[in-house]
Every structure is written in structure tokens, then in C-alpha cells.
């Protein structure tokens, strides 16, 4: 039997009520589901999640690692001479960092709303092929204007990925399964910081001067080529949605569709681009989450300058590259553990607040001492704290704004889009003349963390009051 997409179902969670008896396709799926015993459903669900983790999730992790490697190649290239070769000032370099997020912002919402109507198995890899080509073309730049243009286009085509990946995961996984997986996915950015720095060490050591090209040019060529290659492979790996993924068995397709009904409520597929956006903009929860994520991203803006910050420790370029991997790998373990507990307890707000407090401790240490071991420990606290907070906040979107699909897609994209304004702001917080303490940057980031803590606690209070009116939001 060909399983058709589910239509709207009865739900109180978004204030709507649509009778499932009107939809024959849904009735067919529910009839199939009702024929399974509880033990059969549990076994099918375990098999389904294993397939999803091996195909959907592992593919998204690798895609995200490459996404961040391409994005952060510029901070790595700064350590091996791109500024001097292209004649960039400190402000020029900051502008080249920030312009990427302008393209990123422009594409976020249109991309995710298109994704809700298209096949993710083609849309996300297609965007990946293009951004890989654009990233590789950075090697052909010779001045500030050319680099600005390439970075703008790179942001435009990198934009679909992360929000699209979160949206796709929320179409397959339950809320209780999502936070840890978003953390693992976001861990791809942390792994990229580790792998990217070690890869850069190998490339800059062996490729300098090959065919007359500087090592930073080879960095962009090789990393962009890797992205293009994996994008082509991912077209054959990624699934679409529960109703139209061919590598699921009939039983797995039925269970995949039905198991999210209770959490997603009215999950109709008929909302248009503008309907999804309109529904999202009229929901106060979306605006609160956008504000909170902006503040969290401002707090995390140091990640764009992490190679520069680590260089202030006084080691040569090789040791600096190696040291970059330490906070990312250590922080990744902390992030995964934190988000696993958040999922297990079905709690979001207090975990976000606690992790932001940890990040603030790291910020205070970096601003207060030049001691090398202390700064290394502080870097771990900063990376793990703010990354955990960001992960849990993103996972909160799917349970705060569960349906319909177009609205959820718009919310994921809008929160990610507004949050990335923090990267634009943060790009100008680390001028070279403020090294090594960077008082302006650390002051702004610490203030962002405090305001984010206040915003998250107020949002939790708002959801708790909503839950008194028969809603079931995760707090």
C-alpha cells in the first residue's frame, strides 16, 4: 500500500480542530496502525529510529561539518596571510566576516518555506553543491571587493542548510528525541572547528606555493571540493518525509506518520509560503524565541574569532591550529551530555540558563587573566556553555510551535535568521587593537548572556501559563 501524507488532525495545541474522519488517506494509515500490537509498534519504532539515525542523521552531521568548515575557512586563512595578500584592514576583514550573514539572513525564511513544499533529498544537497563551488572560488579573489562578493553569495547558499536540517529532523523525531539529536547535529560545527583546524595545518604545511598558489588559496579549493563531492553523495542518502521516503518498509512508513500526531497536532501540508509566514508572525512565541536566540548568538559571536583569540596565547601557527581542537572536542562531550539530560527531563529553560551562566564564567576568566592554562579552561567553558544553550533553544522551537508545517518551517527559519544578526554585530567586536583581552567584545557578550537568561525565564513563565489552558508545551 502506498502511504499518503497525513492531513490535519484533531488538536487543541494550536487552537484548531479538524476532524480526521474527513480524510480517507489518514483513515487508511490509522487503520493499518491499529492492526499492530503494542509490542509490534515498539519494535517497528526502534527499527525506524535506527534507520533514521544511520541515514538521515549521519548524513546531516557530515553536511554540517562541511558547512562550517567552508564558512570558517576565512578565520583560519587569516592566520596564514590572506589579510596581507589581499590588502585587508582590520575593518575590511570584519566586513568580510559579517557580509556572509547578510546573505544568510536574506535566504533563511524563503528557503525553509520552500523546503516544506519540496524534496529535502534534492533541495539541501543542491544548495550544498552551490556553496561548495562558491567557497572554492574564494581562491580566485584578489581584493577586498571580490572577497566581499564571494562571502555574500556563500551566505546566501549556506542559509538553507541548518534551519532546513532542524526542520527536517522535527518532521521525523519526537520532542523527547530531538534535543539530543540537535545537539549532536550542532556538534558538527564543533567538530568542524577541530577537524578544520587540523586539516588547515596539513594543507598550509604541504600546499604552500604549489602551482604558484598561496596555502590559503589551496585551503578554499580543497575544502570546497570536499563539499561538492559529499553533496552529490547525499542526494542518494537523505530521506524526504514519512509519507514519501522509498527506503522505509510499509510498516515503518505507517508508524513514522502516526507517532508524531499527538505532538504535531494540525500538521496539514496545504499552507502556502505566505500563510506559514503570517501564522508565524502572529504568534508571540515566535517573537520571544527570535529575541532570545539573537541574544544567545551575540553571546556566541566569539566563535568567529576563535583562531584569532587563540593566537593571542603567543604560540606559533602550528601550535595554535592544534590548540583550536581542544575546546571544541572537550566542549562537544559536555554539550552532548547536557542536551541528553535536557531531553531526558523534558526541560528546556533551566538548562539554557545554566549553560549561559557557565559561558559567563568563561568570559569573565578570559577578560580577567592572560594565564594560558586559565584561558584554555575558559575557552572550554565558553564553547560548551553557549553551544549547549543554543542547541536546546533551537530544539525548543519544534515543541513551542509544532504546527502546521508551514508555520513551523517559518518559525525555525525566522529564529535562525534573527539569531544570525548576532554574528553581524559580533563581527565588529574584536578589532586588533583590543587584543589580547578584547574588553568591548567580552562586555557585549556578557551582557547578551544576562539578557538571554532573563528572556528565557520570562518565556518559560509564559508557556507555563499557556499550559494552564489545556496546552502541553515543553518548559
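Just so you know, glycine gets a Cβ as well, placed from its N, Cα and C.
Model, not experiment: these values are computed from the prediction.
Long-range neighbours of the transmembrane segment (52-69) within the same chain, counting only residues 6 or more positions beyond its ends whose Cβ lies under 8 Å from a Cβ of the stretch, are 124, 128, 131-132, 158, 161-162, 165, 168-169, 172-173, 181, 184-189, 191-193, 195-196, 199, 223, 226-227, 230-231, 234, 237-239, 247. Annotation source TrEMBL lists transmembrane segment at 52-69 (among others).
Taken from TrEMBL, the feature domain 'Major facilitator superfamily (MFS) profile' applies to 56-467.
According to TrEMBL, the feature transmembrane segment maps to 89-109 (among others).
Packing against the transmembrane segment (121-140) from elsewhere in the chain are residues 63, 66-67, 70, 73-74, 111, 114-115, 146-147, 150-151, 153-154, 157-161, 164-165, 168, 213, 217-218, 220-221, 223-228, 230-232, 234-235, 237-240: each is 6 or more residues past its ends and has a CB under 8 Å from a CB in it. Here TrEMBL flags 121-140 (among others) as transmembrane segment.
The annotation transmembrane segment is assigned in TrEMBL to 152-170 (among others).
Among the features that TrEMBL reports, transmembrane segment is placed at 182-204 (among others).
Counting only same-chain residues 6+ beyond the ends of the transmembrane segment (216-238), those with a CB under 8 A from a CB of the stretch are 55-56, 59-60, 62-63, 66-67, 69-70, 73, 76-77, 80-82, 85, 120-122, 124-126, 128-129, 131-139, 196, 199-200, 203-204, 207-208, 210. TrEMBL lists 216-238 (among others) with the feature transmembrane segment.
Sequence-distant contacts of the transmembrane segment (294-315) (same chain, six or more residues past either end, CB-CB distance under 8 Å): 72, 75-76, 78-79, 97, 193, 197, 323-324, 327, 352, 356, 359, 366, 372, 375-376, 379, 382-383, 386-387, 389-390, 393, 418-423, 425-427, 429-430, 435-436, 438, 441, 444-446, 448-449, 451-452, 455. The transmembrane segment annotation in TrEMBL covers 294-315 (among others).
Feature annotation from TrEMBL assigns transmembrane segment to 321-342 (among others). Listed by sequence, the residues of this chain that lie at least six past the ends of the transmembrane segment (321-342) yet keep a Cβ under 8 A from its Cβ atoms are 76, 79, 179-180, 182-184, 186-187, 190-191, 193-195, 197-198, 200-201, 306-307, 310, 313, 315, 348, 351, 355, 376, 379-380, 382-384, 387-388, 391-392, 395.
Among the features that TrEMBL reports, transmembrane segment is placed at 349-370 (among others).
Proximity of distant same-chain residues to the transmembrane segment (376-397), defined by a Cβ-Cβ separation under 8 Å and at least 6 residues beyond the stretch ends, is recorded for 166, 170, 175, 178-179, 182-183, 186, 189-190, 289, 292-293, 296-297, 299-300, 302-303, 306, 309-310, 313, 323, 326-328, 330-332, 334-335, 338-339, 342-343, 348, 351-352, 355-363, 365-366, 408, 411-412, 415-416, 419, 449, 452, 456, 474. Summarising the annotation, TrEMBL assigns transmembrane segment to 376-397 (among others).
Proximity of distant same-chain residues to the transmembrane segment (409-430), defined by a Cβ-Cβ separation under 8 Å and at least 6 residues beyond the stretch ends, is recorded for 91, 94-95, 97-98, 100-102, 104-105, 108-109, 111-113, 115-116, 162-163, 166-167, 170, 276-277, 279-281, 283, 286, 289-291, 293-302, 304-305, 308-309, 390, 393-394, 397-398, 400-401, 438, 440-441, 444-445, 448. Here TrEMBL flags 409-430 (among others) as transmembrane segment.
Here TrEMBL flags 442-462 (among others) as transmembrane segment.
Across the domain 'Major facilitator superfamily (MFS) profile' (56-467), the model assigns an average pLDDT of 86. Through the fold, the transmembrane segment (349-370) approaches residues 296, 299, 309, 338-339, 341-342, 377-386, 388-389, 392-393, 396, 436-439, 442-443, 445-446, 449-450, 452-453, 456-457, 459-460, 475 of its own chain, all at least 6 residues removed from its boundaries and within a Cβ separation under 8 Å.
Most Cβ pairs under 8 Å with the transmembrane segment (152-170) belong to 89-109, among the candidate stretches 89-109, 182-204, 442-462.
Away from its own ends, the transmembrane segment (89-109) comes close to residues 71, 74-75, 78, 83, 144, 147-148, 151-160, 163, 277, 304, 410, 413-414, 416-417, 420-421, 423-424, 427-428, 430-433 of its chain (Cβ-Cβ under 8 Å, at least six residues beyond either end).
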